[in-house]
Amino acid sequence: MPWLEALPYICGWLILRSCLLVGAQLDSDGTITIEEQIVLVMKAKMQCELNITAQFQEGEGNCFPEWDGLICWPRGTAGKTSAMPCPSYVYDFNHKGVAFRHCTPNGTWDFIHGSNKTWANYSDCFLQPDINIGKQEFFENLYILYTVGYSISFGSLAVAILIIGYFRRLHCTRNYIHLHLFVSFMLRAXSIFVKDRVAQAHLGVEALQSLVMQGDLQNFIGGPSVDKSQYVGCKIAVVMFIYFLATNYYWILVEGLYLHNLIFVSFFSDTKYLWGFILIGWGFPAVFVVAWAVARATLADTRCWELSAGDRWIYXXPILAAIGLNFILFLNTVRVLATKIWETNAVGHDMRKQYRKLAKSTLVLVLVFGVHYIVFICQPHSFSGLWWEIRMHCELFFNSFQGFFVSIVYCYCNGEVQAEVKKTWTRWNLSIDWKKAPPCGGHRYGSVLTTVTHSTSSQSQMGPSTRLVLISSKPAKTACRQIDSHVTLPGYVWSSSEQDCQPQSTPEETKKGHGRQEDDSPVGESSRPVAFTIDTEGCKGESHPI
């Protein structure tokens, strides 16, 4: 088909586009931590100091250039107001606004005598309260979304692990790989919960505004460093979060490699490659995460290690490589499925049915291979607008609920798992029935439960409500009469309910007026053949002479 021939070019274009967006993805987030904000301000401060040195040598003016903690102010003219755009490196500022500062006629900047600081008007840089409230509600909704999603995924994956681990018939290499994938999803969810608890996720605009208005940001940046030991737990939480995030991506890659090898590799020995898959899933992510932690502790040991500091590519680049490789495996697998469908269509199959089959298979593969990751990577990266909000909701929805979808595909909708659960359920019901005390007149011979009631013999093979009735040729009006010959049969098990089910002696009634006497002979001595009827109401069967 034409589009199959163009598939390699499409794949190459997507990979190229992904590579072009890698730089924007590595050091950008939907939000920014307070540590990241501080680093950006410190970089601007160092650049400002270089500019101030050059201005002292070249320029002239009354008010000296200086760094006030947020903006690098140039030389000011006496008696005039200087304006500078709101700094773009402050995340929660209105980047279209302008900050003002006044140079007095005596050649000094306006001074706040109470706080011993220069004055600047940043009111235009602050976001409007309604916009701030809207952003806060937006992030709260995102938090609720991914918290619910990861919680549901965690619970469903835990049940799936118990089911596969309980049944020995399900213990095989394929399911072992599934179990490792389930565990990686659970660890990813738990690490996110822990990280949210011990690390500050976002920089609130109110916190930044209070620092600026009180003049504390400059002191906070240039002040002495605090005790780093108090951030040990926070650093461990961040490192474990990054490691479990990376292992989850690589176990998704392992699933793709395993499926791809089953399709394309002849005589593929899954047992032989199991330890190799384990090394890829758990070992390789540990290498680059440890390398990142060492680089971070050596070069930029600040706070909780949530900021990029230019070293995020150490772990982000291998993760993006795993996503890209998995996407290539997905395209190749879909190509093979489509080829098989057209081959079977040539034999005379229904084309619509084949397309539906391809669509179902592709949908399952999208969940298994994590194709949504490459889709979100290829989207333009921005932090505002309706499209960004839609993208954030979709991305967090698929990321958090992917574990739930994977558990459905690999466990709950698996035919082998369903068969084992049904067999266990049937055995459990049979064991419950066997432990129950037999009814009145019931006795067990080996594994068969037999009940003798009003001319009725019940066997377990006949069903719960069916009675096989032996009836004498003559009508009987006596009560339930029990034959005790069963005691001598082999395999007899005495029932505790026999004492309550002993037959009561019933006097024989003789009807002299009609000249007939009730027949007290045993059933086996009847002079006429017996008839078998099905009694569905216990001892209410009627006799019909043949």
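Cβ atoms are placed via backbone N, Cα and C, with glycine included.
What Swiss-Prot lists as signal peptide is 1-24.
Residues or ranges marked as topological domain 'Extracellular' in Swiss-Prot: 27-143 (among others).
Under the heading transmembrane segment, Swiss-Prot lists 144-167 (among others), citing sequence analysis as support.
The feature topological domain 'Cytoplasmic' is assigned by Swiss-Prot to 168-174 (among others), with sequence analysis given as support. If one looks beyond the topological domain 'Cytoplasmic' (168-174) by at least 6 residues along the same chain, the residues whose Cβ comes under 8 Å of a Cβ in the stretch are 258, 270-271, 274, 416-417, 420.
If you look up Swiss-Prot, you'll see 175-194 (among others) marked as transmembrane segment. Cβ atoms under 8 Å from those of the transmembrane segment (175-194) belong to residues 146-147, 150-151, 153-154, 157-158, 160-161, 164-165, 237, 240-241, 243-245, 247-248, 251-252, 254-255, 258, 274, 277-278, 281-282, 400, 402-403, 406-407, 410-411 of the same chain, restricted to positions at least 6 beyond its ends.
The topological domain 'Extracellular' annotation in Swiss-Prot covers 195-235 (among others) and is backed by sequence analysis. Within the model, the topological domain 'Extracellular' (195-235) carries an average pLDDT of 55.
The transmembrane segment annotation in Swiss-Prot covers 236-258 (among others).
Taken from Swiss-Prot, the feature topological domain 'Cytoplasmic' applies to 259-273 (among others), supported by sequence analysis.
Annotated transmembrane segment per Swiss-Prot: 274-295 (among others), in sequence order, evidence recorded as sequence analysis. For the transmembrane segment (274-295), the residues of the chain that approach it from at least six positions outside its boundaries are 173, 176-177, 180, 184, 239, 242-243, 246-247, 249-251, 253-254, 257-258, 305, 311-312, 314-315, 318, judged by C-beta separation under 8 angstroms.
What Swiss-Prot records for 296-313 (among others) is topological domain 'Extracellular', and it gives sequence analysis as the kind of evidence.
If you look up Swiss-Prot, you'll see 314-334 (among others) marked as transmembrane segment.
Taken from Swiss-Prot, the feature topological domain 'Cytoplasmic' applies to 335-361 (among others).
Feature annotation from Swiss-Prot assigns transmembrane segment to 362-380 (among others). Remote same-chain partners of the transmembrane segment (362-380), defined as residues 6 or more beyond its termini with a Cβ less than 8 Å from a stretch Cβ, comprise 14, 17-18, 21, 25, 249, 252, 255-256, 259, 320, 323-324, 326-327, 329-330, 333-334, 337, 391, 394-395, 398, 402, 405-406, 409.
Annotation source Swiss-Prot lists topological domain 'Extracellular' at 381-391 (among others).
Residues 30, 141-142, 145-150, 152-154, 156-157, 159-160, 163-164, 178, 181-182, 185-186, 188-189, 364, 367-368, 370, 372, 376 of the same chain sit 6 or more residues outside the transmembrane segment (392-414) yet have a Cβ under 8 Å from a Cβ within it. For 392-414 (among others), the entry in Swiss-Prot reads transmembrane segment, with the evidence type sequence analysis.
According to Swiss-Prot, the topological domain 'Cytoplasmic' annotation covers 415-546 (among others), on the basis of sequence analysis.
Beyond the transmembrane segment (236-258), the same-chain residues lying 6 or more positions past its ends with a Cβ under 8 Å from any Cβ of the stretch are 174, 177-178, 180-181, 184-185, 187-188, 190-192, 194-195, 198-199, 270, 273, 277, 280-282, 284-286, 288-289, 292-293, 304-306, 315, 318-319, 322-323, 325-326, 329-330, 333, 368-370, 373. For the topological domain 'Cytoplasmic' (168-174), the DSSP-based tally of helix, strand and coil residues reads 5 helix, 0 strand, 2 coil.
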